[in-house]
Number of protein chains: 2
Amino acid sequence: MDLKTKSRYNKILDEVLLDISPSNDEEKEEKILSKKIIEELYNILHKENLMDLIEDIVQVGSTARGTNLKNDYDIDIFVRFKKNIDKEILKETILKIGKKAIENLGGKYQIEYAEHPYISGNIGKYEIDIVPCYKLNWMEKIISSVDRTPLHNEFLINTLKKHPLHNDVRLLKKFLKGLGIYGSDLKSKGFSGYLCELLIIHYGGFINTLINAQRWRIGEKIILNEIYNLYNMDKNSYKFKDFEDPLIVYDPVDLNRNVAAALSRENFCKFIFYSHQFLKNPSKEYFYNYNEKIIERINNRNKGILITLCIRRNSEIVEDIIYPQMEKLQRSINKFLIENDFEIIEYGTYANENICYLSWEFLVGVLPNVYVKVGPPVFSKRGVDSFIKKYERCFIKDCNICAYVDRKYPNIYLLFNDIVSGKLKGKIKYPKYVSPEGATIYENIFVNQYFSIINMNNKKIIKNY
Amino acid sequence: MDLKTKSRYNKILDEVLLDISPSNDEEKEEKILSKKIIEELYNILHKENLMDLIEDIVQVGSTARGTNLKNDYDIDIFVRFKKNIDKEILKETILKIGKKAIENLGGKYQIEYAEHPYISGNIGKYEIDIVPCYKLNWMEKIISSVDRTPLHNEFLINTLKKHPLHNDVRLLKKFLKGLGIYGSDLKSKGFSGYLCELLIIHYGGFINTLINAQRWRIGEKIILNEIYNLYNMDKNSYKFKDFEDPLIVYDPVDLNRNVAAALSRENFCKFIFYSHQFLKNPSKEYFYNYNEKIIERINNRNKGILITLCIRRNSEIVEDIIYPQMEKLQRSINKFLIENDFEIIEYGTYANENICYLSWEFLVGVLPNVYVKVGPPVFSKRGVDSFIKKYERCFIKDCNICAYVDRKYPNIYLLFNDIVSGKLKGKIKYPKYVSPEGATIYENIFVNQYFSIINMNNKKIIKNY
């Protein structure tokens, strides 16, 4: 890279950094509060005579290692139990001491549930998670899925001490947020914070990560140098596990885990594409709601037939369950729509607290009342015999027996009506928490996570079509 | 085959035969006239001192060998010239003696053109062709394409003398006529009379041909036993020429010729299918306009959008030129229609003396004013760069760069209008004799060789849409 280009990047990146890095005051305040919480937890454990149960208490997460963005007020505290402690005692203990600690520091708490229950509390603007896990050594088999987290933290703190790339991590996170591909939850299907940190360490910086992504292909494998050192491994002899994912980044803490497992093909490709665009024409705008701007631009166009299914949702079911079920339902409906010759231009899902939206844009909504059913080739006598028994109006086209058949759904609203009336339960999989039975059908409306074409004046509820 | 089944076939076949075989009187009358014509030709040659030019005069065709259908009043007379006679003298001579012979017998003549000109005349209800050719011996290289015909005739007469399968040939011809797949012209793309005769000889009869067709596959090769005898060949040593056709029947007169070359895949498959149907449920109806009944039955259905192009035709250009050009034009238009997202349900061509009809049935005629253009995958940097330069509203879908693009033809009539105005000359190939420039576009009309949906009250001429 020539100096001029480099300085062009640097100017932009410095401006972004100024905007996204926490201030010294912010960092200091956060450190003091974290320390206080840990001390308070130790106090309570002493008082309650529970110190024998635990190994230690550690702060983890990006705030702990200085890779967090400004205005990120998350503090994650992990209470590490001894390995021989029973799971029930672990649960009981974390609830008892977590509640007390938050209360003693003047905050409010609630109980959240992952693999184990944990305490989530608010103290001022800070959101504090107090999570139980077992203390493991390197290469030990995990007992609960969060046991890895303190080891991730340890690995990153040690590595970032040698290579102080904290700001590069922040830039990558902000860049991915701008593109709408940050977050490893099942709704976002993007890059996790931990993945950002590993990429920056591996490639030695933000711009280098973008440059290296330009030669990524589906199935790209990344093995950090630190892995070879940590495990005292020969580079050529160890056989790493195979994964089917578009990007494979081996977790230094657990070589059988792909840190990028949640990343979808599309988001993998988006990263490659927009990195390329940024490197060619660097601009601050990529870091700030760039995805919304793209969506707005591409949606400024003529539209096909728009249909949205609105399905009432149980708000207690979390997004990581709702989104996969919405997508599963939409895939199942898509298959049925395509079988019935309705061509899909675009589709998407979105859920707010109360409603799941499944939206489609179609090429056409009305088809002639006839279609050509293509049967087996004439050489397959048995297939042909059963075909002509089943269908009238048969004819030969090229080498196949075909028939003109009456179309079941010449109108797409008839099809959606059968979905919401429950008639298509056999052909479409109705998921447990996102069942389209009794859903409302809206015309001229498209809703998804990026962009909603909701014009309530144009809406029309289709019922008993 | 059990006796009961056999007798069921026999009853039907006997009834059909009774209907399609020429009467004795008919055969006698035809024989007398043929003889008269040949005698008259010899007389003229004598008088004009032209006997030196020719070898002999022979009657050929199905009437000559007793495989013709009733009411087939075609008499084909071939005047065989000596091989050293100049082509110009051959032409001059045939016109002179042909005209005179027809006139002397009280008929009317006209000159027709194939590779050479020949005389076509009418005497009473008979249509007589007097054709010039060279007399060849077996395995001699042909000079003009009709030189094979007398050898075909000779081969068939000799073979049918040993195996009197004349009636089986008649049944096969009538069966194929009923199915609309008789005739080797470029419009019919079916079975020629000669092909019927060879198949019947090879399989030893009508029912056996139908049974054997049940195990035919694309590329079926048929080599008559007579070929091995005629050419004194070893069955395993001779390497027969390869052909790409669905059915390959080696011509005993010329082993480098496939007698079934004109047969289309579809008609090959139709024969297999309807043979199977007939063998399962024998019925006389297969022999009588069965194809029209099928077409009528399958056309009794809902229709999509119908459009017909009517193109004025020079009636001097023969069907064997017009049909391939119509089909070529339709294929070229189909390609362009599909590129523009118009889905074709059915299409077909038909020509009468003055007009070529190209017809289509479409799924829909109107599309939204937008489509998704799929570009190269994001890994192809150069492809992506040129794509985003060309299109606005780009986005990533799975691994490809895509764009929403304005549709050029949201309405199918706009597209057909550009065809008839000549604007699409670059994208569609306009054939010499079937040019759609200046053609008329009809809506709600479908015309093809089997079935015409012409309702002149519903017609609507689209102009300056």
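Glycine is treated like the rest: Cβ placed from N, Cα and C.
The CTP binding site feature in TrEMBL is assigned to A:SER62, A:ARG65, A:HIS152, A:LYS173, A:TYR182. Annotated ATP binding site per TrEMBL: A:SER62, A:ARG65, A:HIS152, A:LYS173, A:TYR182, in sequence order. According to TrEMBL, the Mg(2+) binding site annotation covers A:ASP74, A:ASP76, A:ASP129. Taken from TrEMBL, the feature domain 'Polymerase nucleotidyl transferase' covers A:45-151. As annotated by TrEMBL, domain 'tRNA nucleotidyltransferase substrate binding' applies to A:167-288. Feature annotation from TrEMBL assigns domain 'CCA-adding enzyme C-terminal' to A:313-416.
What TrEMBL annotates, mapped onto the structure for a quick look.
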residue: A:SER62; record: CTP binding site; Cβ neighbours (10 Å): 22
residue: A:ARG65; record: CTP binding site; Cβ neighbours (10 Å): 23
residue: A:ASP74; record: Mg(2+) binding site; Cβ neighbours (10 Å): 13
residue: A:ASP76; record: Mg(2+) binding site; Cβ neighbours (10 Å): 22
residue: A:ASP129; record: Mg(2+) binding site; Cβ neighbours (10 Å): 18
residue: A:HIS152; record: CTP binding site; Cβ neighbours (10 Å): 21
residue: A:LYS173; record: CTP binding site; Cβ neighbours (10 Å): 27
residue: A:TYR182; record: CTP binding site; Cβ neighbours (10 Å): 20
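By a Cβ separation below 8 angstroms, chain B lies close to none of the binding-site residues A:ARG65, A:ASP76, A:ASP129, A:HIS152.
Summary of the Mg(2+) site environment: with the site residues A:ASP74, A:ASP76, A:ASP129 set aside, the chain residues having Cβ atoms within 8 Å of the Cβ mean position are A:VAL60, A:GLY61, A:THR63, A:ILE75, A:ILE77, A:GLU127, A:ILE128, A:VAL131. Note on proximity: among A:ASP74, A:ASP76, A:ASP129, the binding-site residues of the record, the Cα nearest A:TYR182 (CTP binding site) is that of A:ASP74.
The predicted model assigns the domain 'CCA-adding enzyme C-terminal' (A:313-416) a mean pLDDT of 94. A:HIS152 (CTP binding site) and A:ASP129 (Mg(2+) binding site) are 17 Å apart (CA-CA, integer value). Helix first, then strand, then coil: DSSP counts for the domain 'CCA-adding enzyme C-terminal' (A:313-416) stand at 36 helix, 37 strand, 31 coil. A:HIS152 (CTP binding site) and A:ASP76 (Mg(2+) binding site) have their C-alpha atoms 13 Å apart, to the nearest angstrom. Taking the C-alpha positions, the distance from A:ARG65 (CTP binding site) to A:ASP76 (Mg(2+) binding site) comes to 11 Å.
In terms of DSSP helix, strand and coil, the domain 'Polymerase nucleotidyl transferase' (A:45-151) has 35 helix, 37 strand, 35 coil.
Residue counts of the domain 'tRNA nucleotidyltransferase substrate binding' (A:167-288) by helix, strand and coil are 57 helix, 15 strand, 50 coil (DSSP-based). Between A:ASP76 (Mg(2+) binding site) and A:LYS173 (CTP binding site), the C-alpha separation comes to 19 Å.
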